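Reviewing the structure listed below.
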Amino acid sequence: MTKKIKIGNLYIGGGEPIRIQSMTNTKTKDIEKTVEQILRLESLGCEIIRVAVPDMESAKAIEKIKAKIHIPIVADIHFDYKLALEAIYNGADKIRINPGNIGGPEKVKKIVDEAKRYGIPIRVGANSGSLPKEILEKYKSPTPEAIVEAALNQVRLLESFDFDNIVISVKSSDILTTIKSYEILSRRTSYPLHVGLTEAGTFIAGCVKSSIAIGHLLLQGIGDTIRVSLTDDPEKEVTVAKEILKGLKLKKGVNIISCPTCARCNVDLIKIANEVEKRIGNLDLDISVAIMGCAVNGPGEAKEADIGIACGIGEGLLFKKGKIVKKVKEDDLVDELIREIYSLYKT
């Protein structure tokens, strides 16, 4: 079990729930837009938010942003240690740094000293695309062993300053390299691990690659926070991350079962399924909901679902646990299903 540490108003590691993290893509100094985006991400289930801090104006904006949101905020720092200090002074709940590009151990120590004084953790780690020259010379390529060694070198630097409030990540854009790196790291440290596939790509490719890597690691008990990194709206990152956790039974949530449709289907099931998902997808209710295009798939094949509908011609069946409850007109099917789900939710 990893060490438990506190980030803002929540804990990670040590048996705590796996936390969903994302990162804003607004200009951090644009406080209004950044807050708006974070609040949307919160509503979808984001539990930790990271913001880039490229300049002093962004670092100073953290105070006003934090005052309007409800989840811990992480400052992402590169190159200038003074940005980290300013972010800490303005209320950052956690700092993410790469000690190798901050400007030497003495500057890292200044960050560590303030992080200790304010009681906030630091995330360090290695990415396959930015390994130190000496590591690449030793291993010839960004192997998992190289990535882990680079990350642990950063950890040892922080530990040399008597600091152990640490989170580690070891990311690659390659699925197998990412998995192997975290497997090695998890055997060599008890610090909490932030898991993700870096630069995973556009929506479909990124979802697939991240789901494979993150899911594989979580099944082994590796990972305390996760981020699905996508070249897309951060809201999609949170939704996909939540689906990964729900799929592995690591988080409560509605599980929607729906058939792929065929010639027997006489309704626009894709539209119906998407509407149901939109209306109930964020409920913290541990049930399975089936949306089937014909009587073949439901309620028979979907009898394991807690509740569902099977569409016909002009009408459909509402069923619970495989037993038909009532016939419903086609136009009323979705609303009736939602009403029944909310009645379950209230109980």
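Any Cβ shown, glycine's included, is placed from N, Cα and C.
Swiss-Prot has this to say about the protein:
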| type | residues | note |
| --- | --- | --- |
| BINDING | CYS259, CYS262, CYS294, GLU301 | [4Fe-4S] cluster binding site |
*10 Å Cβ neighbour count around CYS294 ([4Fe-4S] cluster binding site)?*
20
*asked:* Going by DSSP, is CYS294 ([4Fe-4S] cluster binding site) sitting in a helix, a strand, or coil?
replied: coil
_Number of Cβ atoms other than its own within 10 Å, given for CYS259 ([4Fe-4S] cluster binding site)_ = 21
